[in-house]
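For reference, the structure discussed in these notes is given below.
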Amino acid sequence: MAEEGPEPATPEAAATQTATSGVTNVDAVELRADGGAVVIIDQTLLPNRLEYLELADAKDMYDAIFQLKVRGAPAIGVCAGYCYYVLARQEAARAAGYEEFASAMERQRAYLNSSRPTAVNLSWALSRMHGVTLAHQGEDPAGIVGLLRDEAVAIHREDLAMSEEISRLGASLLKDGDGVLTHCNAGPLACLGYGTGQGPLYYAHDHGKRVRVFADETRPLLQGARLTSYELSRAGIDVTLICDNMASIVMKNGWVQACMVGCDRVAMNGDAANKIGTSGVAILAAHYGIPFYVLGPTSTIDRDCPTGDDIKIEQRDPDEIKTMFYAKPKALPEVKCYNPAFDVTDHSLITAIVTEKGICRPPYTQSLAALFE
Ligand code: MRU
């Protein structure tokens with residue numbers, strides 16, 4: 001007989017299974033009321049400190065994205081939309097006319113876009129914003145700035161709506177009492193609203209379906225430990241934090257009925273890039289016969305990307321493996337490190353891809369293409 005699995009961490013955790021979380025009501029990204037800055041939660045300080053940062057110039061915006069102060073594909077997209085708008089206000093005030101404004105914004109777009117390569121939402125949001133600038137050729141930059149604000153707010157609103165719908169659809173794949181294993185962070189901090197990969201957990205919880213969650217800590221930057229377990233436990237959801245190398249035993253014990261993860265870029269054949277380690281979870285899930293679901297908005301599906309081989313994987317600083325988050329270095333300085341931030345899960349390992357437009361099943365070349373018809 002399958003073992004029962006760990007108890008909720010505290011009696012309070014069990015008692016609050018019907019309460020909603022403060023965390024899910026806090027936007028990870030907002031526009032300051034006067035429009036002069038983007039306000040983000042500095043995710044690198046969590047779970048120890050909840051602090052907000054104001055981003056008013058391009059370098060701070062670039063650094064915030066590159067350093068993962070704001071992170072998670074949809075949140076990066078919303079942030080990028082607001083960043084473009086804040087910079088457009090400044091450039092419009094400086095520019096002599098449309099041509100000067102448009103070329104300054106092309107430079108800003110390219111600069112922000114170079115901060116991280118894998119999550120397609122960054123380039124998607126920036127292209128969408130820049131499309132507004134280009135569509136109003138020859139017009140007064142001050143007028144275009146007003147339209148850019150509307151566009152950035154629309155990206156934010158659409159993001160919240162898609163997150164709700166993905167969460168609803170994803171929750172329909174879960175039964176009361178299911179155990180769900182998740183990797184990295186794809187909850188409210190990464191997406192706004194409920195989230196994507198973890199959205200169904202909040203949705204299920206808020207609609208009276210009990211779930212118990214196993215959160216991979218997610219080496220090397222520990223998004224699962226620092227962010228996912230923080231969000232879920234604040235929401236009163238039964239969460240157990242595990243090291244990445246414990247996923248197999250948890251599945252073998254029979255505690256996991258589904259795996260749910262977010263995504264940074266989905267190729268048109270269904271190959272899905274997500275946080276490094278995701279493909280290993282999918283391979284384990286296939287071994288144990290557990291459904292593996294990828295959840296993300298259609299803005300994360302890259303129509304210019306035929307397969308996972310075409311996805312650029314970000315390589316990050318070796319010190320993230322050797323020293324970050326530790327008082328003392330964990331390896332000799334001369335030790336070589338390989339530190340890809342993402343990997344690609346082969347489409348053959350994915351049971352379904354859940355988008356705000358519906359649940360896609362294999363063959364993904366057909367079901368993903370149908371989303372855009
Ligand atoms: O490097 P990160 O923390 O930005 O990576 C985030 C992830 O891999 C998430 O799972 C993904 O962006 C989906 S967030 C809804």
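Backbone N, Cα and C define each Cβ position, glycine as well.
TrEMBL labels come from automatic prediction, so no person has curated them.
A quick note: this is a predicted structure, and the numbers were derived from the prediction, not measured.
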Among ARG116, ARG128, ARG168 - the residue TrEMBL places in the same substrate site as ARG71, GLY72, ALA73, GLN223, ASN274, LYS275: ARG116
Among the residue ranges 1-21, 295-315, I'd like the one that TrEMBL describes as region 'Disordered'. 1-21
If we count other C-beta atoms within 10 Å, could you say which of the binding-site residues ARG71, ARG116, LYS275 has the fewest? ARG116
For the recorded positions listed here (ALA73, CYS184), tell me which residue's CB has the most neighbouring CB atoms inside 10 Å. CYS184
Measuring CA to CA, name the entry from the binding-site residues ARG71, ALA73, ARG116, LYS275 that ends up nearest CYS184 (site 'Transition state stabilizer'). LYS275
Report, in whole Å, the straight Cα-to-Cα distance of ASP264 (active site, proton donor) from GLN223 (substrate binding site). 15
Determine, for the substrate site, the additional residues of the same chain whose CB lies within 8 Å of the mean position of the CB atoms of ARG71, GLY72, ALA73, ARG116, GLN223, ASN274, LYS275; present them in sequence order. LEU68, ILE76, ALA119, CYS184, ASN185, ALA186, ALA190, GLY262, ASP264, ALA341, PHE342
